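Comments concern the structure below.
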Amino acid sequence: MTKDLRPIIWDDDKKELILIDQRKLPNKLEYFICKTYEDVAYAIKDMVVRGAPAIGVSAAYGLALAEINGDDIYKAYEVLKNTRPTAVNLFWALDRCLTAYKEGKSILDEAKKIHEEDIETCKKIGMIGEKLIEDGDTILTHCNAGALATSAYGTALSVIRFAFYNGKKIRVIADETRPRLQGAKLTAFELNYEGIPVKVITDNTAGFLMQKGEIDKIIVGADRILADGTVYNKIGTYSLAVLAKYHRIPFYVAAPLSTFDLRSSEEDVIIEERDEKEVAYIDGVRIVPEGVGCYNYAFDKTPPDLITAIITEKGIVKPNRDEILKLFR
């Protein structure tokens, strides 16, 4: 596992969920203790924990806490489900736990299974995807699709990690990823923590580096992937994909099967809009004039024709319906 960086810990003795408080990184490594499902809901909504797989695992433990504390399971399910609207892993994990509950099984046992499976899944994604990385590559990534966004290893960063573990000399460029700066604060923290060479750039530097020929590949994660290969991911992903297409740079998406949504159409997907204060303020200091509003979309949509391939725990596929559906047979 990625040294001792464990973003999600279940304490069986105290019946508590322990999360790395990602709001405090990179300056402080602190933990947020969840004793109730309400604590978990707050942690997801306020981005104590973030990243589609990590949200799913945390929500599963949240429903387990509701069962342990004798709370109304269906109420807890609704509260947790409504924390964030775009990442499909949240709904997948909650539905799986609710099904277990209806079948008379332990929600906690199901949550533990989801947690363990996520670790193994992310490991497989890395082992499969690293074959796409060549010695000497410079890889651009966006937001944080690492261990902090999952239970371990990550998705996009798992590919990078395993290339590094296998002795490939690589370099990583991390977009800062405004407004929450997950690239600068989290991706750079993770990679530096493991000794993987990384540099941070402002979001608007990416195109210039591509123009200069300094980017060999782009790897990002995903919050939801539709059956036709449409990818919903952190805002700014679409812009990178357009630039990559123009500059003929391979653009890969790394995600587990739990991130695929085979039922929904584009019209069904809600793009989360967060508080405009996240854009208007940096570290508590207002940078936008009073009286001026801000857009703060958390995610965007990347069409499949801009994506080279999708890396999953079952293999690498082209972003089209036929190949994606084969993954689920």
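Cβ coordinates come from backbone N, Cα and C, glycine included.
According to Swiss-Prot, the features are:
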{"type": "ACT_SITE", "residues": "ASP223", "note": "active site, proton donor"}
{"type": "BINDING", "residues": "ARG50, GLY51, ALA52, ARG84, GLN182, ASN233, LYS234", "note": "substrate binding site"}
{"type": "SITE", "residues": "CYS143", "note": "site 'Transition state stabilizer'"}
ASP223 (active site, proton donor) and ARG50 (substrate binding site), distance between Cα atoms, whole Å: 10
Number of Cβ atoms other than its own within 10 Å, given for ARG50 (substrate binding site): 26
Residues ARG50, GLY51, ALA52, ARG84, GLN182, ASN233, LYS234 [recorded substrate binders]: greatest CA to CA distance in Å: 17
Spatial neighbours of the residue listed as 'active site, proton donor', counting only the recorded positions ALA52, CYS143, GLN182 and Cα distances within 10 Å: ALA52
Additional residues around substrate, ordered along the sequence, whose Cβ is within 8 Å of the centroid of ARG50, GLY51, ALA52, ARG84, GLN182, ASN233, LYS234: ILE55, ALA87, CYS143, ASN144, ALA145, ALA149, GLY221, ASP223, ALA298, PHE299
C-alpha spacing of CYS143 (site 'Transition state stabilizer') relative to ARG84 (substrate binding site), in angstrom: 17
Number of Cβ atoms other than its own within 10 Å, given for LYS234 (substrate binding site): 28
Separation of alpha carbons, CYS143 (site 'Transition state stabilizer') and ALA52 (substrate binding site) (Å): 12
